[in-house]
Amino acid sequence: MDTNNVERMESQNQHPQSHDPPPTKGTTFLRTCFNGVNTLSGVGILSVPYALSEGGWLSLLLLLLVAVLCFYTGLLLRRCMDSDPVIRTYPDIGQVAFGRKGRMVISTFMYLELFLVAVEFLIMEGDNLHKLFPKESFDVLGMKISGKQGFVLMTAFVVLPTTWLRSLGALAYVSAGGVMASVILVLAVLWGGAFDGIGFHGKGELWNWNGLPTAISLFTFCYCGHAVFPTLCHSMKDKSQFSKVLLVCFILSTISYGSMAMLGYLMFGENIMSQVTLNLPTKNISSKIAIYTTLINPVTKYALVVAPIATSVEETFPFQESRVMSCLIRTCLVISTVFVALMVPFFGYVMAFIGAFLSITVSILFPCLCYLKIVVGFKRFGGELMVILVIILIGTFVAVVGTYTALSAILKEVQHK
């Protein structure tokens with residue numbers, strides 16, 4: 001999930017009861033589409049080939065199903081916003097539906113998701129830099145650190161100063177660049193398969209029951225942009241166009257994810273790794289373009305991801321205006337993400353956990369529950385209520401099975417580490 005609008009979202013959370021008139025200015029349809037596509041097209045694009053290898057070729061239908069469900073729940077959030085002018089952000093929806101506890105629960109899931117996405121950025125940087133420089137190692141204070149761990153630490157030192165900036169306006173304007181990066185990545189992988197000697201020789205399986213929980217979890221992670229959908233809607237000049245924005249964003253993102261999934265699986269088959277860039281031969285120019293494009297985005301977006309968490313922590317202390325304490329809190333936050341990235345350096349499994357436990361909850365379950373509470377009402381029986389209840393039941397089952405599968409895989413890897 002990309003969070004280039006999340007800082008503004010958090011600032012708006014400080015005034016949930018405001019009844020100010022809607023702004024006369026706002027973002028255009030095209031700009032909101034860029035923001036939406038960039039929100040959906042995040043690091044998940046690296047793992048969709050791996051997800052496809054886990055579920056088999058027919059699991060592409062599940063990718064489409066997840067896209068349709070997440071599009072529908074995005075529309076439910078839009079309807080929740082229409083029901084009350086107070087609502088501007090996702091936590092606002094939780095508060096209107098279930099009071100302060102609803103806001104707290106949704107905010108907690110959002111912050112945890114952001115924290116783990118920041119961890120994924122560090123793991124991804126370490127994996128891909130180690131791919132480029134496999135023989136590199138580091139000697140720090142007499143201790144020898146392996147290349148992958150060293151690159152994680154090096155990335156943390158690079159991004160640390162950017163987290164000290166309390167105003168991230170200069171960093172937030174990455175929407176068009178993020179969309180272009182996703183396009184360049186897909187084209188570079190396509191070029192590598194078609195013209196750089198890799199070829200498309202992978203056959204793969206048609207269907208794999210055992211890998212379905214992981215596949216669905218990873219697919220759901222790809223569409224976990226619901227945390228910022230209300231903010232995107234509120235920022236629009238013409239909010240009535242937001243449903244069309246969602247449709248455009250989900251169509252373009254699904255084309256991007258589907259293309260990358262098929263390309264990676266055709267190129268590497270069952271040997272596909274958790275990130276498709278880790279399979280690419282580094283001697284090829286196209287591979288280097290793909291890897292370097294992958295490396296740039298997390299460095300520029302890390303500060304945007306951790307800023308809402310840091311701001312929330314700072315606001316709990318009386319010295320929130322202290323520049324020194326702000327830097328200290330943000331430094332501790334970076335250190336904590338480094339610690340988790342070094343302890344659990346399993347990109348695919350961590351992403352599957354995020355997808356199963358957090359993304360399904362935030363992107364599918366919460367929108368349905370809030371919509372039922374705010375708009376429909378649990379006591380009004382009808383076709384829409386039945387559909388939503390079925391989505392909730394299936395989503396809960398998939399979340400439980402997917403979370404168990406991901407945690408089991410992580411614990412197994414930690415024991416063998």
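Every residue gets a Cβ built from N, Cα and C, even glycine.
Database features (TrEMBL):
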type     : residues : note
COMPBIAS : 1-10     : compositional bias 'Basic and acidic residues'
REGION   : 1-24     : region 'Disordered'
DOMAIN   : 26-406   : domain 'Amino acid transporter transmembrane'
TRANSMEM : 56-77    : transmembrane segment
TRANSMEM : 104-125  : transmembrane segment
TRANSMEM : 145-164  : transmembrane segment
TRANSMEM : 171-194  : transmembrane segment
TRANSMEM : 214-233  : transmembrane segment
TRANSMEM : 245-269  : transmembrane segment
TRANSMEM : 289-307  : transmembrane segment
TRANSMEM : 327-347  : transmembrane segment
TRANSMEM : 353-374  : transmembrane segment
TRANSMEM : 386-411  : transmembrane segment
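By number of Cβ pairs under 8 Å, the transmembrane segment (145-164) is matched best by 327-347 from the list 56-77, 104-125, 327-347, 353-374. Same-chain residues lying 6+ beyond the ends of the transmembrane segment (353-374) with a Cβ under 8 Å from its Cβ atoms: 1, 69-70, 73-74, 76-77, 79-80, 83-84, 90, 93-94, 96-98, 102, 106, 109-110, 112-113, 116-117, 120, 213, 216-227, 385, 388, 391-392, 395-396, 398-399, 401-403, 405-407, 410.
Each of 56-77, 104-125, 214-233, 245-269, 386-411 was scored by its Cβ pairs under 8 Å to the transmembrane segment (327-347), and the highest score goes to 104-125.
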